[in-house]
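Features of the protein shown, as given by TrEMBL:
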| type | residues | note |
| --- | --- | --- |
| BINDING | B:Gly159, B:Val160, B:Ser161, B:Arg162, B:Ser163, B:Gly164, B:Lys165, B:Thr166 | ADP binding site |
2 protein chains.
Amino acid sequence: MSTIARPPRRSAFFLSDRTGITIEMLGHSLLRQFENLSFTEITLPYLDTTEKAETIVAQINDCAVLDGMRPLIFSTFVNPEIRAILDSANALHLDCFNIFISPLETELGIRSSHTMGHSHRVEDGMDYGHRIEAIRYTLEHDDGISHRNWQQAGIILIGVSRSGKTPTCLYLALQYGICAANYPLTPEDFRYRQLPAELRNLRDKLFGFTTDPVRLHQIRNERKPGSEYASLKNCEYEVREAEALMRQEGIPYLDATNKSIEELATAVLHEVKLERKIY
Amino acid sequence: MSTIARPPRRSAFFLSDRTGITIEMLGHSLLRQFENLSFTEITLPYLDTTEKAETIVAQINDCAVLDGMRPLIFSTFVNPEIRAILDSANALHLDCFNIFISPLETELGIRSSHTMGHSHRVEDGMDYGHRIEAIRYTLEHDDGISHRNWQQAGIILIGVSRSGKTPTCLYLALQYGICAANYPLTPEDFRYRQLPAELRNLRDKLFGFTTDPVRLHQIRNERKPGSEYASLKNCEYEVREAEALMRQEGIPYLDATNKSIEELATAVLHEVKLERKIY
């Protein structure tokens, strides 16, 4: 029996002497530009000795033989010695440090401090505490759990259950240190078509998510199959009422259907003009 | 009265026709290489029309005059027309697409699909559902809340209260779609120096955080000042007992003191050899 021939996958290595998070995001996003190709993606953080670098070069060279084509390396190495060892691999090696730091040094007229990856270090205790506090606040104010201290929130997301509020709030807290509360709109709010009194006083912090009722029905049905809550009829009712309520109250909202967490978080920051503090 | 002369800050723009998250992380991390300089960092996402691009060029040129030096632009533009408009600004313009895609196209022998930012799109419904499910699981298994379905976890973090478990679990879920539970070690576990029975059966999923007792005391004291829980004596006792328990049970652990959430998440993935699935 013959098997269907699959095109060989090229290996892509994301290498760093620190966490490797930035380089893997960048490399992954660049590879997605080549939609018809698929890659085996391997992230290796903390490559901070020449011994480790030499071991990896041997592994990459083996990959080149196995794959029948040379791998790609995306890296950020501060240590020029380690960078040079990786340059000797049988691969296309694109190093962020090499590519960006040199033009920046020329422009800024100053040498860099060769400490790539510092962005995530806990040098600034205040900043770090602020971010941890935002995460704690966001957890305590998820899904309308606590109505207290809503005025402390940077943003309060509202919308029907399962419209994407919780993941977006967590992303805003983790990535940007924003205290992000969320409040689910339920049939109780629709009965008199009004928001809880505490929220009505905080209108400038409110932002709404709406969603496609059919998609909402599918999502809810996975969690609570056959329930009234998940029925298409109820989803249509809730979405219609939620939108009417948000329009009536003048609360800006967007359609969250088929948007990623990153896209929702970015849109919220952009609309509400919150500061993007980067950690 | 004379005021202290401050060196002028240079403006750095992170621009994208999509969310801008990758480029702001990369740009921020590159600027941190220049420790003696400070920058005004501005992220502008969704610059997807030539009109918006021209407005931003005018803003950047104004900045150059105000700052007395030309700004930096880090960008990822798929649309070459928009990229060209930004090139006309009075700034150093480093575009990821220009810099990386061309060598990749040569290496891969194929044209890119010019769709930068696709990495965060919800093209793959399965993947997206998996990530949302990981977030839900992680929230339900935070702080030992639910003991059910621990076997479904990719990782279970243990350690004393306020050692960094919760932010790390949330990061693992959001960034990598990992179901990450955590269980706080408390005096009850120390009394008989043993773990709950359900955890003893899942030893290969367990990973521990320890921390410096003095730092722990400071952190706890901010939340519950003057309490027995926050006292240095109690923090010393808990850390000593937690470490003894983890050693006794053969559970690998690391010192989380002064490590960022990203560093902790990376270390955990690395130690436990979990797959880094990138969203």
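Numbers here mean position along the shown chain, with the first residue as 1.
Yeah, the Cβs are placed from backbone N, Cα and C, and that goes for glycine too.
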Within 10 Å of the Cβ of B:Gly164 (ADP binding site), how many other Cβ atoms can be counted across all chains shown?
-> 22
Write out which of the listed binding-site residues, namely B:Gly159, B:Val160, B:Lys165, B:Thr166, lie with a C-beta under 8 A from a C-beta of chain A, sequence order kept, or 'none'.
-> B:Thr166
Using all protein chains shown, find which of the binding-site residues B:Arg162, B:Lys165 scores highest when you count other CB atoms within 10 A of its CB.
-> B:Lys165
Here the binding-site residues are B:Ser161, B:Ser163, B:Thr166; the one whose Cβ sees the most other Cβ atoms within 10 Å is B:Ser163
Using a 10 Å radius on the Cβ of B:Gly159 (ADP binding site), the other Cβ atoms enclosed count 26
Give me the non-local Cβ neighbours of B:Val160 (ADP binding site): same chain, 6+ apart in sequence, Cβ-Cβ under 8 Å, ordered along the sequence.
-> B:Pro184, B:Leu185, B:Thr186, B:Thr210, B:Thr211, B:Leu216, B:Cys235, B:Glu238, B:Val239, B:Ala242
Counting only residues outside B:Gly159, B:Val160, B:Ser161, B:Arg162, B:Ser163, B:Gly164, B:Lys165, B:Thr166 in the same chain, those with C-beta within 8 angstroms of the ADP site's C-beta centroid are B:Asn182, B:Pro184, B:Phe209, B:Thr211, B:Ala256
